[in-house]
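A short write-up of the structure that comes next.
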Amino acid sequence: MAERTLVTSALPYANGPLHIGHAVEYVQTDIYVRFLRSCGRDVVYFCADDTHGTPIELNAAKQGLKPEEFIARFHEEHQRDFHDLDVRFDYFHSTNSPENRQYAELIYGRLKEKGDIERRNIEQTYCENDRRFLPDRFIKGTCPNCKASDQYGDACEKCGKAYDPTDLIDARCALCGTPPVRKHSEHLFFKLSRHEDFLQDVLRKPGFIHPGLATQLQGFFEKGLSDWDISRDGPYFGFAIPGETDKYFYVWLDAPIGYIATTEKWAKETGKAKSALDYWSADADTRIIHFIGKDIVYFHALFWPAVLNVAGFHIPSEIKVHGHLMLNGEKMSKTRGTMVPVRDYLDQLDPSYLRYFYAANLGPGVEDLDLNLKDFRQRVNGELVNNVGNLANRALSLLAGPLEKRLAPGRAEGPGRELVEAALARVPEVRDAFDKLEYRSAIRVITEIASAANGFLQTAAPWAQVKKDAEVARADLSDAADVAYLLGALLAPVTPRLSEKLFAQLGAEPLTFQALEGAKYPLLDRSRPIGTPEPLLPRLEEERVNAIIKLPEGAAAPQAAEARPAKGAKTEKKPAEAPAATQAAAPSAGAAESPGEIEYDDFAKVVLKAGKVLAAEKVQKADKLLKLTVDVGEGSPRTIVSGIAEAFAPEALTGRNVVVVANLKPRKLKGIESRGMLLTAGPGGKELSLLDPGDVAPGSEVK
């Protein structure tokens, strides 16, 4: 039997809405699963709400709800958000389910049979008023490290230090405010320390986890692995431990078992497997891949494999770990209004924008990802809207108009055929990049393919050719449509709804990576008419992007990261502030001297034209310069050297609409003749915006 792949994302906690930081992981995983399916692989994708534990019990009580009612509300909300974000699980379940209880009890029983469960007396905080032990979140007090007040019993939200509930200063019960007492209780521990050799072998397996994380995990072995407390005293929202009185499984025992329970539920409902054991038995021919954030590596790489191994289950084959999401270079924060719920994003913007931006910045490492809102807008507009979208719109609009939606047969030779064949030759690069989670590399190749096709159209100029020889124009546009079809297939894992629109406009069946194996020119069935073209995605406007952040009253709007001086650059000391009256009268320090008024005739000499950037590259030995190839409607594009390299990556400019000073005398910069200038606005350096004339034809005069 061929190997099957089972993929999971970490379980979202049913204690609140999903935010765009959570979305990084689910989008990353969904892209991978869609890619595997496109390649014809046998893959299933599971997730569930993590529903047990103290925070849920506490917050449900605050809202006057039973925990079951509380988690049901967020379960429905999470499912809706995932669907609208285009994340498609084979099954999304809950850890508060009969299947999860079944497997939690089964696994616990096997751990107990193997002698891996030990009873120990531990000291805990206890509220005599409420007659209950107080887990971390049921106790508050002063942080023993930074002395911040009103902190929970597990970690300080101000300094970030972790501690035991018994370490809190002036501790009190979070429910009633009564100072707790200390009391002994018998708890159950999983003997993780017995499995160090096994876990060392697991960490040494190639591909199991990122090498840097494997090295980091060695620190736990140097200190000696600690046995794991898997029980909590009642009352507690979770599963009662069989054979025990008033003891419950700690959430970190039953939460990962939710992966197995979800497989079981899916098997029951679909009949596609006899049970979860078809995938999870120790001898199953299954590749199990967990996608997680870097904050839960310990549980998934050490505790979880040890538990599975003792219980006779299949251990994870690979653990894919990602970093956290930053917003404009800073940690997201509720108090600053930057902890953006997924729903707030979806109320404003298409999910394709966010999925594309995440993919364009994700690799297989664990570095944090920065959602800089300015960069987000520029990259999406430059690469997705103006490059990929523009190619499809240019080709299909002409085909649908004067050429009556009919494609030309494939050509025996010529630049159009060479364009398509060159694009097909790059498919293995994209496939390999997706397979290795090098999404940003895949996106780079995809945008290069689109740029080449736009350049081909610019040279062929079918909008002019159609008046001279309609069949030549039809052939050129059909070859460009072939590339658009290919781009739809390559982008389908990332932006599925955009690809669906593109396939429909082409009048073609969805194209997959599997179908591309051995594919030859022409890709499209040239005997079929195309559909009705329309813009695939509107441009991202600054107002809509900023609207995803709902600021608390009195909070300042978050800004993109300030430009910093280059390393070794000199900076002037800020002069002492002058009296207010003097400041008002004098020009700002460093301001350019005004040239004064000019005559209209002087201004009329300047010719401003709309242009479109076809290609962009860095100028060697010039950190601030970019060499741009710009179409200004003259038959052949111009080369313009522009000092905007600090503000824009070359790949973010391809496809951008720009305003060009078209009648400047050519001049050489770094040995390159520059024939024009782009209009920008801003203080300079990294803080520049390109003036955009809108969706007008290259060469249109700007008045």
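In case you wondered, yes, glycine gets a Cβ from its N, Cα and C as well.
The stretch that Swiss-Prot tags with region 'Disordered', taken from the ranges 66-87, 176-197, 682-703, is 682-703. The motif ''KMSKS' region' annotation in Swiss-Prot falls on one of the ranges 261-265, 331-335, 541-545, 631-635, namely 331-335. Taking the motif ''KMSKS' region' (331-335) as a whole, pLDDT averages 76 in the prediction. Every protein chain shown contributes to the tally, and the Cβ of LYS334 (ATP binding site) ends up with 9 other Cβ atoms within 10 Å. Using DSSP to sort the residues of the motif ''KMSKS' region' (331-335) gives these counts of helix, strand and coil: 0 helix, 1 strand, 4 coil. Sorting the motif ''HIGH' region' (12-22) by DSSP state (H, G, I as helix; E, B as strand; all else coil) yields 3 helix, 2 strand, 6 coil. Each residue in the domain 'tRNA-binding' (602-703) gets a DSSP state, and the totals come to 7 helix, 45 strand, 50 coil.
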